[in-house]
Amino acid sequence: MQTHNFLCIISVILGCSAQFYVIDDRIGLGREFDGIGGLSGGGATSRLLVNYEEPYRSQILDYLFKPNFGASLHILKVEIGGDAQTTDGTEPSHMHSKDEGNFFRGYEWWLMKEAKKRNPNIKLIGLPWAFPGWVGYGTQWPYFFPNVTANYVITWVMGAKQHHNLDIDYIGIWNEKAFDPTYIKVLRDALDRAGFTNIGIIAADGDWSIASAMLDDPYLNDAVEVIGVHYPGTNTVKEALLTERKLWSSEDYSTYNDDIGAGCWARILNQNYVNGKMTSTISWNVIASYYENLSFGRDGLMTAEEPWSGHYIVESPIWMTAHTTQFTQPGWFYLQTVGKLNHGGSYVALTDRKGNLTIIIETMTHEHSQCIRPPLPHFDVSPQIATFELKGSFAHLADLQVWYSKLDFKSGNGTLFKQLRPIRAHNGLLSLKLDVDEVFTITTVTTAQRGFYPEPPKSCPFPKNYTDDFTIDNPPFSEAPYFADQTGVFEYFRNTTDNSSHAFTLRQVVTERPVAWAKDADQTISIIGDYSWSDVNVSCDVFIETPKTGGVFLAARVDQGGESVRQAKGVFYWIYANGTYRVTNDIGGKRVLAEGLSGTKAGVWYTLTLSVKGYFATGSLNGFPLWKNAAVLEPKSGWAALGTLSFEYAQFDNFNVIAG
């Protein structure tokens, strides 16, 4: 290793015009460090990850969770699926109805196991964004019957243990929605009675308002172990400090994962503690593994959105994470001697109380560290020399390891997580020449590594000719590859009433509106393919299960999903159980392009074919033209999709799409 030309080692007699910062444990320690984490869900943000083939899927997981390799995350937080749209898709509930339970739906169980496989000490958190409709008894409020909601959540905790041998460490309340003190206390009591006294409650995963309620209600204060706030801008409030509870930024970042996103992440990882005394920061999301044209595309620590090609990108936020995670562990303590640098930037120091010391320094500039929210007040950062004086139990330290990153916005040739030559402290003093947009880790820890795998396959678009007949005996996941549910839940289904051509199908299984988090559509929909597709031929066998009122659709050029799914436009070809069809320009059916009689009914398989080319669309039923040349002025492109008229059972088979 070469000596970095920005490293400056001085002694007392050198007389540099440096600013001095004391690192000392004699005045006592600060708060206990709880770890850095990532969030899968809220929603469906890891949807495409599961469909990667090996070895690429395992490589991605190593970059996220393997200790001393990449991000080396200490915490994994997952959505407790609630059958509803929760940002980039729906995640299935373990209980679609109160009378059933299935602990193998979705992929969060799998992801938690993969994280634990790599790091047995990783902390696990579950948080609901939405709830199946039965929990709300037909309302949009999950707190009317707090015992029902608490038991629903505890069933998920028990399923994690009994079916996957996963011990959940923390449970949340209702993401970014109103909290209910009665429910929180009922949940605490129910957890204790079920034997989960070790599981802590995080509340309320929104703003700081719960802190005042906790000060007014000692029983609520006792029930909550962690105050979790979202996007705090690195600041806390007096009431939260007065509770004497752990303070976490339990969802943060949510920023496009280029170098500015890396600057945002590096800054808040330090300053959430320096300014706000928050001892954990969790990134939404852990990995951008969903169609990029959905909400908040690429707002993850790394990107894996092409399972069909195997391509993924280890983005710079991974290495900003490593500057903290590879040199600390939950259970370490911040020192009281942390703070801001005189010419901009910040530093934190942590110890394991066994002689190890880690100092993390960041000098991110305002323009190069803006997160998606909240707005960032102006501040200045300039080059500087910072001298750290090691005192107390650290005074004897001589050689310390140095890891360095530089986000170079001028040349574009930055440095990410590079190990430099050790720095030697002289008489307890060590100095660094700091430029802007840099991160240094100075540490006694010697186990860090910059993990590396060979380049993954090159990026390529979704296949232009794609077919799925959904025939699989023991599917590893409940969803078919690449389909991304945006309202409702579409699962592999073994059709015991048809052992011939439709024995294996894809079935929509949510039959009542969930207690929603976002504005789900009134129709169910699952998208697939390439957002740039314009001229498309889509076909699928469909089976309406609801007599008289049921209906299904096949669609092309679908231009919206996520939280905007209600506004989705495209070409939607519907058939109904009442013997009619419609072609609409939107999912809500407000703009009708064609309509008429189809002779369709429930309980019969039909083959729908939708062809869209240029400004015209044509549809057939069982191979015979049903309508043609419907004028389509917009949208110009979008995904293919399938779905149902309402929250109802329906089946799909032999899906095929050919893009021009």
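Cβ coordinates are placed from backbone N, Cα and C, and glycine is handled just like the others.
The shown structure was predicted, so the numbers you read here are calculated from the model rather than taken from an experiment.
According to Swiss-Prot, the feature signal peptide maps to 1-18, an assignment based on sequence analysis.
Positions annotated as substrate binding site by Swiss-Prot, on the basis of similarity to another entry: Thr87, Trp129, Asn175, Arg373. Cβ-based neighbour count (10 Å, all protein chains) for Arg373 (substrate binding site) stands at 13.
Under the DSSP three-state reduction, Asn147 (N-linked glycosylation site) is assigned to helix. The annotation N-linked glycosylation site is assigned in Swiss-Prot to Asn147 (among others).
Contacts of Glu251 (active site, nucleophile) defined by a Cβ separation under 8 A and a same-chain sequence distance of 6+ are given as Leu39, Gly42, Asn175, Asp205, Gly228, His230, Tyr231, Ile282, Trp284, in order along the sequence. In three-state terms derived from DSSP, Glu251 (active site, nucleophile) belongs to an extended strand segment. Annotation source Swiss-Prot lists active site, nucleophile at Glu251, citing similarity to another entry.
Annotation source Swiss-Prot lists N-linked glycosylation site at Asn293 (among others), citing sequence analysis. If you draw a 10 Å sphere around the CB of Asn293 (N-linked glycosylation site), it holds 17 other CB atoms from the protein chains shown. Taken residue by residue with DSSP, Asn293 (N-linked glycosylation site) is part of neither helix nor strand, so it is coil.
What Swiss-Prot records for Asn356 (among others) is N-linked glycosylation site. Taking a C-beta cut-off of under 8 angstroms and a sequence separation of 6 or more, Asn356 (N-linked glycosylation site) has the following same-chain neighbours: Thr443, Thr444, Val445.
Just so you know, the Cβ of Asn413 (N-linked glycosylation site) picks up 7 other Cβ atoms within 10 Å once every protein chain is counted. Following the DSSP three-state reduction, the secondary structure of Asn413 (N-linked glycosylation site) is coil. The N-linked glycosylation site feature in Swiss-Prot is assigned to Asn413 (among others).
Cβ neighbours within 10 Å of Asn465 (N-linked glycosylation site), excluding its own Cβ and spanning all shown chains: 9. Annotated N-linked glycosylation site per Swiss-Prot: Asn465 (among others), in sequence order, evidence recorded as sequence analysis.
Asn495 (N-linked glycosylation site) counts 17 other C-beta atoms within 10 Å of its own C-beta, drawing on all protein chains shown. Here Swiss-Prot flags Asn495 (among others) as N-linked glycosylation site.
Look at Swiss-Prot and you will find Asn499 (among others) tagged as N-linked glycosylation site. The DSSP secondary structure for Asn499 (N-linked glycosylation site) is coil. If you take the C-beta of Asn499 (N-linked glycosylation site) and look for same-chain residues 6 or more apart in sequence within under 8 angstroms, you find none.
Asn537 (N-linked glycosylation site): 18 other CB atoms within 10 A of its CB, across all protein chains. Per Swiss-Prot, the feature N-linked glycosylation site maps to Asn537 (among others).
What Swiss-Prot records for Asn578 (among others) is N-linked glycosylation site, and it gives sequence analysis as the kind of evidence. In this structure, Asn578 (N-linked glycosylation site) belongs to neither helix nor strand by DSSP; it is coil.
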Trp129 (substrate binding site) versus Asn465 (N-linked glycosylation site) - Cα distance in angstrom: 35
Cα-to-Cα gap, Asn578 (N-linked glycosylation site) vs Trp129 (substrate binding site), nearest whole Å: 36
Cα-Cα distance linking Thr87 (substrate binding site) and Asn293 (N-linked glycosylation site), given in Å to the nearest integer: 12
Cα-Cα distance linking Asn147 (N-linked glycosylation site) and Arg373 (substrate binding site), given in Å to the nearest integer: 35
